[in-house]
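Listed in TrEMBL for this protein:
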type: TRANSMEM; residues: 6-24; note: transmembrane segment
type: TRANSMEM; residues: 45-65; note: transmembrane segment
type: TRANSMEM; residues: 71-92; note: transmembrane segment
type: TRANSMEM; residues: 104-126; note: transmembrane segment
type: TRANSMEM; residues: 132-152; note: transmembrane segment
type: TRANSMEM; residues: 164-186; note: transmembrane segment
type: TRANSMEM; residues: 192-214; note: transmembrane segment
Amino acid sequence: MISVETTLTAVGIIGNIISLMLYLSPMPTFVQIWKKGSVGQFSSVPYLATLLNCMLWVVYALPMVHPHSMLVLTINGSGALIELTFVFLFIFYSEGKQRFKVIVMLLVEFAFVACIAIFILTLAHTVAARSLIVGSICVFFGTLMYAAPLSVMKLVITTKSVEFMPFSLSLAAFANGICWTIYALIRFDLFITIPNSLGMLFGLAQLILYATFYKSTQRQIEARKVQREMGLADGEVVVVIQDSQLQ
C-alpha cells in the first residue's frame, strides 16, 4: 500500500514540474516582445505579482519558518529567479513612465519581503508563530497573484480578443492550481490550499474566455492584416499617380 508520505512526495514533484511550466509559459510572450522591441499592451503586473508570491513562499518554506517544505522551497526559489528575469526584460523593453513604474514596484517588493523576513526571524520566537504570520501573508498575496490576470480578462471581454492573454499561461495556471490544491489537502496545509484553489478557478475562467473569444480574435487579426495590405496598395497607387504627373 502506498503511504501518505510517498503520495505527498509524488504530487509535490508533479506540482514542481507543472509550476516550472507555469513560470516558463510567458516565454512566447517575451519572444514576441523581443521581436517587436516593445512591450506594447502587455502588462507587467502578472510577472511582478508572481515574483512577490514566489519570494514570500520561499520565506514560508524556510526550515526555521515551516520545516519539511523542501519541495515548496525549491520550486518557488526557481520561480523567483525566472520571474525576476522576465521583469528585467520587461524593464529593458519598456520606456519612460512605464519603465520607472516597474522599477519602483520591483524595489518595493524587495524591501517588503526583506522586512517580513527580518520581522519574523527576530520577533516571532516559535515555528508555529512564524508559519502563521508568513502563511497568512502568503495566502493574501498568493490570491493577488492568481487574481492579477483579472485586468487582462477585463481587456479580453472589452475587446473580444484574447491576443494579450496567452493560452499557455492560462492553461499552466489552471493545472498548477489543481496539483498544489491536491498537495495541500493531503498535507492539510490551509495556507497552500486557499490561494491555489482560487488559482484553479481563475485559470478555468481564463480558459473559458479563451474558448469564447478565440474565433473573434482570429477575425480581428485577419482584418488588421487586410488593412495593412490595403494601406500598402494605396501607397503604391499614389506613387504611380505622382510619377505619371511628373511625366
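Yeah, the Cβs are placed from backbone N, Cα and C, and that goes for glycine too.
The recorded stretches the transmembrane segment (6-24) and the transmembrane segment (71-92) share 3+ CB pairs below 8 A when only pairs 6 or more apart in sequence are counted, and are therefore in contact. The transmembrane segment (192-214) shares the most Cβ pairs under 8 Å with 164-186, out of the stretches 45-65, 71-92, 164-186.
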